[in-house]
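Take a look at the structure below.
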């Protein structure tokens, strides 16, 4: 009878610790700018942007032809609106760049090609604070590749932990 109580205690400790750990992890969303077309003059960035929420901790990914395009991060709304590319904060030229949204606030990205910028190839990102509880709302943008383990992986980990707990109780 004492062994059953110990077993139940261990199972409860494991379940509570797994549950608490799950609540600490916030959902990180990877946004691929422009979707399938990527960062391209023919992309409808405004349409892609519609309804998206960017949160601190998310990442934005730019995919583009490095021979034809580059990405500039600009300092101000005025630089962004007028396509003043003279003094960017950062310049990205690799063709595949990810940028961590590590702080709240507004960030301005535009094409390094003046003509593309004037034709609207630019992105205005308002980074919101991270969600307090991931169950409050569902992320509005999710990349095609999974950003967290699948439910079956979580189930396998939980099963493994329960097995270890049971084994430990049996051996004690």
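Cβ atoms here come from the backbone N, Cα and C positions, even for glycine.
Automatic prediction, not curation, is the source of TrEMBL annotations.
These figures come from a predicted structure and were not determined experimentally.
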Feature region 'Disordered' in TrEMBL, mapped to one of the ranges 110-129, 130-149: 130-149
Residues in the domain 'Phytocyanin' (29-129) grouped by DSSP into helix, strand and remaining coil: 19 helix, 36 strand, 46 coil
Confidence summary for the domain 'Phytocyanin' (29-129), mean pLDDT rounded: 95
